[in-house]
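Single-structure report; data block below.
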Amino acid sequence: MERSYASRSSGELATAASGSGRPVRVIPLRHPPGFGSISSSSPPWWRAAVGRARSMGPLEWAEAALPCVAWMRKYRWKEDLQADLAAGITVGVMLVPQAMSYAKLAGLHPIYGLYTGFIPLFVYAIFGSSRQLAVGPVALVSLLVSNVLGGIVNSSSELYTELAILLAFMVGILECLMGLLRLGWLIRFISHSVISGFTTASAIVIGLSQIKYFLGYSVTRSSKIIPLIESIIAGADQFSWPPFVMGSAFLLILLTMKNLGKSNKRLRFLRASGPLTAVVVGTIFVKIFHPPAISVVGEIPQGLPKFSIPRGFEHVMLLMPTAVLITGVAILLFGLGIANICGSLFSAYPATGSFSRSAVNHESGAKTGLSGIIMGIIIGGALMFMTPLFTDIPQCALAAIVISAVTGLVDYEEAIFLWGIDKKDFFLWAITFITTLVFGIEIGVLVGVGFSLAFVIHESANPHIAVLGRLPGTTVYRNTLQYPEAYTYNGIVVVRIDAPIYFANISYIKDRLREYELNLPNSNRGLDVGRVYFVILEMSPVTYIDSSAVQALKDLHQEYKARHIQIAIANPNRQVHLLLSRSGIIDLIGDGWCFVRVHDAVQVCLQHVQNSSSSALKLASQASGDSADSISTPKAEKQRLKQDGFFKNLWKAHDGNADSGGEVQPLLRQNLV
């Protein structure tokens, strides 16, 4: 005896007959909690934030304001102190010569590299969230500083130094603002291919900019490879052998120690001690032999940096693009922003986290921010007591330190890997690499990010859409291109949209759906009905639908209705289902055409097709029997009669006037609608 679905118990499921006559349990799709209410059940973000703030105690507030409180409160003196001391001393010894080298790369006096590796270390240890990030001057930021300031003022002028310090202040402000606004997600739109291509090109430019200390003559300061090469070739007649031999020897020593430290854990101290070795050996050689052809650093002021307010604010707009770029390189860390602001008050230029020093810090066993404080103490000791010893450091030794550091950024293996697996990503790598080399760092970044965003927009506006079929012996539906053996049914198209549906891609989705209607996919099951009568949208990958998509779906429903095509929806998530319900789309297509599973939707559609087809065939045979000249009726006319009869009976069944034996139960509870 038949019963209406509304009278069934909550645990009982509707049953539809499959094409093979076996019963199929159709699972009802329930409305999500909160349906019918205007607002979502979850509280607004600001209310949640206020509630969380109220629940925080004094200790939690202290940890939020000063992250160092967290590790200080739980510090294990016996277990952690030895590791932090070892890591801090190792990286501190590595930082002293590197800081001077990077300052030279930035076009500044070496003392400003030591200043940049002093105050920011202490500040980041207090406000920073990473226990292993080694803060200080880095090669890429130093090149950016040199590139932008060199176009404004001569590096020998006092204004050049003032603008470098001002740039640190601006970068710190931007980093703090972007950190507070939680804008770190912006970096996700820059693909790894772009970053790899950019850093590889930058490393080559940095290396070429330092080769002048090997050659013994001046080379044009530029972030473009063509002017650098032209300048190197033009001055070839001034080539000097002594700095070239000494610099090459130092570079060979540094690379050897670096590789030994990486490959052998027992010798990893060599990686950190390489820069110090080059500086010590070079200084001893100069003090003993006094070679006239070897240029040295010269006098370095002794003592700690003094407090001063940055100057040159009239040049802020000229520095702003570079400040934004350096902020992006710095990965938007709030603690790093405070470090740069405080550093600029003590004559530091922009600082950020160093990958190489952070790796050494990690490998040396750093446990907490105390390792950074120890690094700062070492730099402070060098400033107070050791600067007279730095006078005779060969400039080619500092150049070798820079070149050795940036060799790890040359990532040609990434290009080979991308060529083998994804030509689109290889194109991104190549275009970023070439534009950075030819047109400079700023243009290279803009072009790389622009192409990266263009690919993101293109992929979003042209989402992957798959026609699904049923895998033999299962109720699982998969892409027919991936599984050619999957069953598809005549008159029914199952489509999966693998993206959110919104204003940018709805036109593309509608065009693809029309293509499936006009170019009927090859089906291998069921009666040949000659066209599409059901379109099932598998919506499990659809995480979001906007108002433009809602209106487009309404238009699509009207178009389909005019051509007697029924839309069915399968497996929408809670938010999508809620929006479809509120917007009236569920009412338009019929609440009986929303399903939990694709298989349920297919079986119900098959039931309609089979019932309507049998009635259509009966009508067609009666019409041919009543006609005296039925033998001479053209095949096209017979097909037309057959389809017309099918067409009428299909929509009779849809309106509830079909055979009682083919009952299709509504799938949403009536008392919830």
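Keep in mind that glycine also has a Cβ here, set from the backbone N, Cα and C atoms.
TrEMBL annotations:
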type     : residues : note
DOMAIN   : 482-605  : domain 'STAS'
TRANSMEM : 81-100   : transmembrane segment
TRANSMEM : 106-127  : transmembrane segment
TRANSMEM : 134-153  : transmembrane segment
TRANSMEM : 159-181  : transmembrane segment
TRANSMEM : 193-219  : transmembrane segment
TRANSMEM : 239-257  : transmembrane segment
TRANSMEM : 269-289  : transmembrane segment
TRANSMEM : 323-349  : transmembrane segment
TRANSMEM : 370-391  : transmembrane segment
TRANSMEM : 397-419  : transmembrane segment
TRANSMEM : 426-457  : transmembrane segment
Non-local residues, at least 6 beyond the ends, that sit with Cβ under 8 Å of the transmembrane segment (323-349): 67, 103, 106, 108, 112, 115-116, 118-121, 123-124, 127-130, 133, 135, 137, 140-142, 144-145, 161, 164-180, 183-184, 186-187, 190, 305-310, 441-442, 445
Long-range Cβ neighbours of the transmembrane segment (134-153) (under 8 Å; 6 or more residues past either end): 91, 95, 98-99, 102-103, 105-108, 113, 116-117, 120-121, 124, 128, 159-160, 163-164, 167, 199, 202-203, 205-206, 209, 221-223, 315, 318-319, 321-322, 325-326, 329-330, 336, 339, 349-354, 357-358, 360-361, 372, 375, 402, 405-406, 409, 440-442
For the transmembrane segment (269-289), distant same-chain residues with Cβ under 8 A (at least six beyond the ends): 90-91, 93-94, 96-98, 101, 246, 250, 253-254, 257-258, 260-262, 296, 360, 363-364, 389-390, 392-394, 396-398, 400-401, 404
Candidates 106-127, 193-219, 370-391, 426-457; stretch with most C-beta pairs under 8 Å toward the transmembrane segment (81-100): 370-391
Highest-contact recorded stretch vs the transmembrane segment (106-127), from 193-219, 239-257, 370-391, 426-457, CB pairs under 8 Å: 370-391
Spatial neighbours of the transmembrane segment (397-419) far in sequence, C-beta under 8 Å, 6+ residues away: 97-98, 100-102, 104-105, 110, 139-140, 192-193, 196-197, 199-200, 202-204, 206-207, 210-214, 246-247, 250-251, 254-255, 258, 274-275, 278-279, 281-283, 297, 355-356, 425-426, 429-430, 433
